[in-house]
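The domain 'Major facilitator superfamily (MFS) profile' annotation in TrEMBL covers 40-439. Among the features that TrEMBL reports, transmembrane segment is placed at 76-98, 110-133, 190-211, 257-279, 291-311, 323-344, 350-376, 388-407, 413-436.
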Amino acid sequence: MSDIPTVDVRQSVAPRTHGLRRLLREWAPSSVTAGAPAFPLLVLTGLNAVDELDRAAFAVLLPDIREHLGLSNAGALALVAATTVAVVLIEVPLGFLADRKSRVRIAVRGAAVWAAFSIGTGLAASVAMLIVMRIGAGAGKAVVTPTHSSLLADYYPPVARVKVFSVHRLASSLGQIIGPLLAGVLASFLGWRFPFIALAAPTLVLVLLASRLREPVRGARDQGVAGAGAATAPAEPPVGPWRTMKVLAGVPTIRRIWVAAPFLGMALLGVPSLLSLVYEEVYGLSTAQRGAVAALIEPLQVAGVLVAMPVVGRVAADRPGFLLRFVAEVGVVDGVLLGLLAYAPHVAVAITLHALLAASISTLAPAFLALVSLVAPPRARATAFSTMSVFAIPGVAVLLPLIGAMADSFGTQASMLVMVPASVAAGVILASAARFTTRDIEAVRTGGTRQDTS
């Protein structure tokens, strides 16, 4: 299309300076977006960050909330589980909706909903009211994955997506760093209710900014790369949800991602809990010491993204199929690091391996999201993003409890070794899609998926 800027993307993603100056230039807005406007990325990243602030605040203030409202430990954890399930259950219907309606409007309204229910959390006078508020907040946050990811793919060209998704995902890490600190300080002076009310304020500001975003044409960035079809609006979406799923299932790369999702979900979501158990049971770290380790490690996830993803982006600019191999191989490496960490001879060695694991694992999400954005048909892309967490449910709901049972019977160290074959299985399944990925990407770029979406 004529409004798609033509820039030398090699220059925008591969500056030739060195050291800190090079790093700063790598992450300059014009470099990240390959010349496209940075405003949509900044607004959506901000919304993702404030979403994480609320989530992190609730996690750190849960003991205070439990005590104030008379909840048991089981009740408190059940509340967390209910919120998580609400997000997963609502994400897919929102994905179907986002493939048919304005994603900007859905994203704006979802953010307004979670801001309102976050304020409601701070005003909750009973357990029943708190449950309603947290489920409502979770429902509002469920818009993030299907709408933000799909919008970013249509605001920015394929060559920019690795770094674009990296910036968007960094908001989660920054929220996890800032959220607990901010919530803890505010709560220590003003009580646990005030942080939820205060943290809703930046969300409302971002809602106003997001309302200025324009809905991008679906698939124009992808088809503009191929130089064909960019001037023609993509075909209408499938008639119903079942047809949408058939379209996605017709993409070999997506089918294999779905099959690998339970193993990836088990490995990625089980890591934090198992690491905490290992530090306590094997190395005898106290609660304060475990917290100090977590505070030390979290910034390394940011560092991993800042250092590694520009390199990944440059390689993917020439060979987009590299993203699949990267996700598969890094997943296997992370599984091996986890196994080594479990049997580290000293806590210092364990923390070093944990640091490497954190820096490595942080690169998976942006590479994975960029890959999905390249192979998913534009008119079913929001659904494609939202289905990933659903297909991970068996790994979380079935396999993780089995690992917990193994930890009770054979020890936490032995249970962590199960993560190694799980990571290898995910890597092998993803690697099996390598022969299809280039074709799937090309089909999206040339509008070849149009026959599947009519």
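Glycine residues also receive a Cβ, built from the backbone N, Cα and C atoms like all the rest.
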Seminar exercise, completed: Ranked by Cβ pairs within a distance under 8 Å of the transmembrane segment (413-436), the first of 110-133, 190-211, 291-311, 323-344, 350-376 is 323-344
Problem set entry | Among 110-133, 190-211, 291-311, 350-376, stretch most in contact with the transmembrane segment (323-344) (C-beta, under 8 angstroms) | 350-376
Problem set entry | For the domain 'Major facilitator superfamily (MFS) profile' (40-439), the mean pLDDT of the predicted model | 84
